[in-house]
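As given in TrEMBL:
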ACT_SITE  E387  active site, proton acceptor
BINDING   H386, H390, E409  Zn(2+) binding site
DOMAIN    67-278  domain 'Aminopeptidase N-like N-terminal'
DOMAIN    314-538  domain 'Peptidase M1 membrane alanine aminopeptidase'
DOMAIN    608-729  domain 'ERAP1-like C-terminal'
DOMAIN    736-887  domain 'ERAP1-like C-terminal'
SITE      Y475  site 'Transition state stabilizer'
TRANSMEM  12-33  transmembrane segment
Amino acid sequence: MAKRSSLSKGLAVAFVVLTVSAIGGMVAMVTLFKIQMNGINATALPDTTTPSPTPPPIMRLPKTLVPELYEISLHTDFYSRIIEEVNVTSPNQSTLFTGNVTIHFHTVQSTDLIYLHCKDLDVSHHPSRLLNKEYNIGIKIKSMTQYQNQSEFLVIQLEEKLQAKMNYSLFLSFKGQMSTYLESLFVSTYTEAYPSRDFEEYSDTLRYAAATHLKPTQARTLFPCFDEPQMKAVFKLTLFHRVGTFAQGNAEMEGSDIMSEEWKQTRFVSTEKMSTYLFGFTVSEFKATDSPKGRVSIKTYTRPEAKEAGHAIYAANITRTILLFYEDRFEINYQPLKIDQIALPDLVTTGMENWGLITYQEASVLYQEGVSSLLHKEKVATVIAHELAHHWFGNLVTMSWWNDVWLNEGFATYSSYFAVDHVEPDFKIKDILIMRDLHEALKEDALITSRPLAVLPDDVQTPSEIKEMFDTVSYSKGAMLLRMLADFVGETAFNQGVKTYLKAFRGATTETTDLWQHIESARLVKNTFTVSKVMKTWTEKQGYPVININTTNGEIFQKQFLFNGSITSSHWWYIPIWFMKGSLETAFLWLAVPGPVKKEEFISGKDWILANVDCLGFYRVNYNLENWQRLLWQLEYKPDRIPVINRGQLIDDALNLARANLLDVTVALNFTFFLRNEREFIPWDSAVKNMEYFFLMFDRSQVYGLMQEYLRSQVTGLYEFFANETNASDVPKTHSLQIHVNLRSTIYCQAMAAGGQAEWDFAWEKFQSSTDSSERDQLRHALSCTRQTWLLNRLLEYSLNPDKIRLTDVASVVNDVAENPAGQALAWNFIRAHWDYVSQGDPVWLIEAVTRRFSTKFEVEELQRFAEQYDLGPTVRAVHKAIEQTQVNMNWVNKNKDRVLQWFKVITAHLDDK
């Protein structure tokens, strides 16, 4: 699965400029929005229930049986379209599906119990059949019990024991209902807005597509199975679906037959051996855009309208290039010989790597030239690169259990840096992607409520605990540690070790230690700092270090970096350090003890020292005040002597050290001075993201206005540098297409902020009528920019109605409203009032969004009550992190508010003097 995406370089700088400065031309956009609309009534919240089961004593399947083949037959009753005809009763949409599965397995040891996973399915006792395939003898089933707890077991008691080392087959029939949320087998809706069939004059009506999303533990809701990643098997699927629809599956189509006027059958060849969570299919009327021809057939399926408009052409073109890049990089060709990519209007994640059938949120794969921004184009490339990387990391080679999910997600994230750089070298985005993930991981891992990268298997048992593993630690920290590892063993050894790792475990499952062994074996130069020895300190402990360097006497020591400085930790790490002294070349050493120890290399004399050159290590660096001042002088007068990526990291380190009360906040703020002459994206991006914390803490105080004045002054030079791309002072005469695509989102937002109900209603009507996913995303965000609280509340209420705002977009709406100072309290109250519904999307993001401004004792108490009173499921850790972060914010604001206020007063007064 992929995650939220990144920023572009030169043109994204314009976004920064427009965000922090007042551009009069934008406000003039409101003259376009003078169309009145009638009020719209929001529908009520759908009824949902959230069970609170008691955890069972056993959560893992026994190892007595090993699956080999699933023969699955499924009958989906849903309609892809419901046509209303005169004097004819139209059918209601059906969510029923029925099916049967024959599971072929062999026995490791004798047993009279068969444990499977099964959830929300009605499994028939008759005609269930169990057959000894060696002797063609049936075995009687004594009973079947489904456990309604977090084990989600179906336990079959037999009349006699199965013999060890024998082959058996089990036939089960079942029925179920398609999910009302975006998991298991679900329905995605869309509007078809052009003539489609001869008997329909115009098809501007609702259409429906069925799709699966089974990761991590939802295969059991589709058919009874051994639903654990190491239980790999082959899958052979037969689908019965309505005439007029088309089915795609993991494997190539074997054949399709019309069974009657209403029904057709589609059969697929057997899949590769794979885990259950990678099984998938879709049934729809989508149309394919072909990629350039090659060994592997690649088709990208979209709504017919999107196909006709050419919105899938970019994705289709880059997919083959990225695939060939990975095949060459890993020296293993993709199998089987087809990839279908499905752009779904509804999906809970940006992408899902089902083997041979990759599903995407529509906005993550469709691109329209002249409408979609460069930022959106980068998102498409990044998401596709991430999902394709999963063929090697996750599909071909899979973690044995979910505690090591970082082997999938961290590697896919890391590999995507190189793939995007290869397919779109003009983006020059690799370092930007790296810095984004580095900063996200460093921020996430600075709380005591974080977790180790690779946790113990026994600590990840329930479905909720498994879902919690798909977080920033797995994706971003995992990628950053791979990058650090590749540096200290050497790129050649790292890449060779990865190749042998993939070849050795092809079709199998692995643990973290397997990767260490293969990379260590590939090293040509051995030393005492073995891969396993070093990396265990990074993967088996939560957090990361800050190294403290005194450049006067060369003393260096490390300790765990935590925002909460009152907590002490005995953790320490083996730290690889690249450093440079003034204009000298970079040098390398290890810090292999907690310290303090003295290193002659870190005595600076009259020059400055910069550690963690190119940000190759996953840690922060703090210096003595004299060295900070020397670095500041260098940034002010000769910044090019410091690498661009380190200019961004110095800002990030300084401001986060100040958040942890390890560096005076005024010293940290001084590191924003040099930005008035900075033209590179990374330092500005780092500053804007870090200053956001100051805005969140102080946007309801006197500090806020002074911060705006200071940043407006700092950004002036940058704005003038990019004037040709940011000058939008002329109001377009007709349509939004006259607005530069890279500025449109910001202009829309500014227009809503300056406007009222008429402008908001106009934007809402445009959002509802638009069929372009990129334009819809920009309009939806703009709706949250209004300063009128009642309109923000209306937007939140609309998000409860999937006909107005898709469930897949609810978390984005809440996040956007919470970003608005006028909407933060609304968003917090809203998710508590409607938690059962809104938490079906991205609940972790919801918690992060609505609590980012929290900094009072009252808000801590509200969060604690929330944790006690609500069924949080996979959001437990996120809520506890929010409680910790709010406590940290409260203490930090109390300690630093006056000093921050005084700093901005002095600086802005100096600006006035000028």
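Quick reminder: no glycine exception, Cβ is built from N, Cα and C everywhere.
Model confidence over the domain 'ERAP1-like C-terminal' (608-729) stands at 94, taken as the mean pLDDT rounded to a whole number.
Shown for the domain 'ERAP1-like C-terminal' (608-729): DSSP residue counts in helix, strand and coil, namely 87 helix, 7 strand, 28 coil. For E409 (Zn(2+) binding site), the same-chain residues lying six or more positions away in sequence with a CB closer than 8 A to its CB are M1, G394, F470, S474, Y475, G478.
Same-chain residues with CB within 8 A of the center of the H386, H390, E409 CB atoms, the Zn(2+) site residues themselves not counted, are M1, A2, E353, E387, A389, F393, G394, N408, F411, A412, T413, S416, Y475. Long-range C-beta contacts of H386 (Zn(2+) binding site), restricted to its own chain and to partners at least six residues apart, with a cutoff below 8 Å, comprise A2, G351, A412, T413, S415, S416. Summarising the environment of Y475 (site 'Transition state stabilizer'), the number of other Cβ atoms within 10 Å of its Cβ, over all protein chains shown, is 27. For the recorded positions E387, H390, the ranking by surrounding Cβ atoms (within 10 Å, all protein chains) places E387 first.
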